[in-house]
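The block underneath contains the structure these notes are about, expressed in structure tokens.
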Amino acid sequence: MNKQSWLLNLSLLKTHPAFRAVFLARFISIVSLGLLGVAVPVQIQMMTHSTWQVGLSVTLTGGAMFVGLMVGGVLADRYERKKVILLARGTCGIGFIGLCLNALLPEPSLLAIYLLGLWDGFFASLGVTALLAATPALVGRENLMQAGAITMLTVRLGSVISPMIGGLLLATGGVAWNYGLAAAGTFITLLPLLSLPALPPPPQPREHPLKSLLAGFRFLLASPLVGGIALLGGLLTMASAVRVLYPALADNWQMSAAQIGFLYAAIPLGAAIGALTSGKLAHSVRPGLLMLLSTLGAFLAIGLFGLMPMWILGVVCLALFGWLSAVSSLLQYTMLQTQTPEAMLGRINGLWTAQNVTGDAIGAALLGGLGAMMTPVASASASGFGLLIIGVLLLLVLVELRRFRQTPPQVTASGS
């Protein structure tokens, strides 16, 4: 990233063909998954009229992703990573075809939606873990921070486009079109990924997978700095689970099917802006304090979201949450890489991703339960302000993270 500019440096896409292939595959994949992300909750809401059932689907998928991340970490360290990536992507596509066929039935099966969500969550996370493990070999460790920011921008831009497309498809063709195009897009991603070089795992002594994972957990618990970062990440993803209330809130705001897509696109849009303007974030003298404050601001935005009288104002609150959460997430990623020992980087990154998934699943379950007892407006506000109170307490408790200082990197002539 260029220190002299707020904007992200995209030069890696020009200088590293393998990373460019991953960039293209990831963008297509995110668009495909976005179509799926709109269709599943809307279909379940239409079938059951229950926010609890919508939350349950997200929780089950999140649980499967957590298991997949743990298993995927072991596979990525023992088998050729390119094969793991291709196998995981292809298997996900099969699950999407199943969702499409189920949606075409006269009476779609709710159980099938849940089971296929487990299938896709598990195999999708296998590919994510293998790709994370292979990234240093594709871009070099000196470029990992830049690659991480480009990856976030890719994910967010794809997440902005796909919900709006998904909303239009729902309004015109129904959920089967969303599932079918998601399957097609997933199989298309295999084409650029086939061009990747062989990605063998590094030579290392055999160790029982559970023993290796336990060592990572012990490090998280023993380090107030890294452990605090992971805790903030989990709470932030809990807040993002507010999306399970979108269908119910859309009814409250009397939104059309096409307008629902704007709710799903708002957070990724704000996060994309945050990633695109992240050029100077790495040079913050007090990244821990900035991380804590941006997280508190994100919680406040969610608390205000449900109170908005018009849906367009709710979209603004969601976009603000996306921007603040992107700032916090990029600081989390940077500090984890710099404060974690080299021998622990793989496990800590895997556990960080897994706890983000877990936070999302827990948040979805809690919001689904609140939605069954309270109005959607009250549920959204209670979750945001409740997390804000927890965040203020953490601001006081996480002293080492709050006081952490770093020396800003020197300006380079090339700016890269």
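Cβ atoms are placed via backbone N, Cα and C, with glycine included.
Relative to the membrane, Pro309 and Leu401 are recorded by Swiss-Prot on opposite sides. Stretch with the most C-beta contacts under 8 angstroms to the transmembrane segment (357-377), considering only 56-76, 110-130, 157-177, 179-199, 288-307: 56-76.
Across 22-42, 56-76, 314-336, the stretch most heavily in contact with the transmembrane segment (110-130), judged by Cβ pairs under 8 Å, is 56-76.
Model confidence over the topological domain 'Cytoplasmic' (278-287) is summarised by a mean pLDDT of 78.
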